[in-house]
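For reference, the structure is listed below as structure tokens.
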Amino acid sequence: MGDTWSQLPWPGPPHPTMLLVSLLLAAGVMHSDAGTSCPVLCTCHNQVVDCSSQRLFSVPPDLPMDTRNLSLAHNRITAVPPGYLTCYMELRVLDLRNNSLTELPPGLFLHAKRLAHLDLSYNNLSHVPADMFQEAHGLVHIDLSHNPWLRRVHPRAFQGLLQLRDLDLSFGGLAFLSLEALEGLPGLVTLQIGGNPWVCGCTMEPLLKWLRNRVQRCTSDSQLAECRGPPEVEGAPLFSLTEESFKACHLTLTLDDYLFIAFVGFVVSIASVATNFLLGITANCCHRWSKANEEEEI
């Protein structure tokens with residue numbers, strides 16, 4: 001056998017083209033083995049995964065492990081499965097705008113510690129629960145605008161987001177927002193709250209007072225933020241309300257006021273009893289008169 005091999009002609013050095021093909025195939029195998037293959041209907045380039053405008057009804061199951069920028073915008077996604085972001089430690093930007101999301105699973109951002117930009121605008125979210133962004137302490141920008149069914153933001157919804165600079169809550173269904181939801185955001189620079197049906201009652205006074213103090217160093221869409229109620233301030237710009245506007249919220253009753261109310265109540269009670277007594281007598285007299293007439297006719 002050795003003599004046979006020795007008699008075969010030497011094929012010469014490998015052709016450069018064949019060598020390049022072999023290297024590319026090996027790289028492709030390594031790329032696939034590393035779990036970084038690009039999902040179907042998506043494009044992947046330089047750690048950016050773009051799955052936008054593909055009419056997706058669900059999120060793609062597998063993404064490159066080193067994904068930094070993920071766009072799922074302009075689809076028909078109705079839900080994100082729990083733990084979906086667990087393996088993507090490098091994720092910086094997540095774009096979920098213009099989908100059909102009604103809620104997000106608890107703990108979705110537990111492992112998204114480097115996430116900085118989150119866009120959830122143009123969805124159907126109804127509430128922002130407590131600790132929704134738990135552990136995503138690197139968030140700088142959150143867009144929750146144009147969620148028409150968004151009625152409630154929990155007081156601890158943005159807890160721990162010390163680096164948050166831009167928050168957009170505009171054009172939703174918010175009638176009230178707790179001061180606690182915002183006062184724990186020391187880095188807040190831009191706040192958008194216009195286009196909501198704000199009810200500017202007594203419960204809104206703490207928030208409006210805080211906003212007035214922050215308006216100089218916090219950019220806000222003050223021209224778009226208007227009151228929808230109560231009737232006396234309907235249509236008024238949110239930031240035009242002053243302490244005088246809430247004067248009625250601080251009225252207190254004195255002892256004389258309580259005595260007067262008690263006296264009026266007593267008088268009304270006596271009048272009611274007297275009225276009932278007179279009505280009873282009148283009814284009794286009418287009954288007797290009617291009976292007497294009937295006897296005379298007989």
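Cβ coordinates come from backbone N, Cα and C, glycine included.
Copied over from TrEMBL, here are the features:
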type	residues	note
SIGNAL	1-34	signal peptide
DOMAIN	37-69	domain 'LRRNT'
DOMAIN	196-250	domain 'LRRCT'
TRANSMEM	258-281	transmembrane segment
Rounded mean pLDDT for the residues that make up the domain 'LRRNT' (37-69):
94
The domain 'LRRNT' (37-69) - residue tally per DSSP class, helix then strand then coil:
0 helix, 7 strand, 26 coil
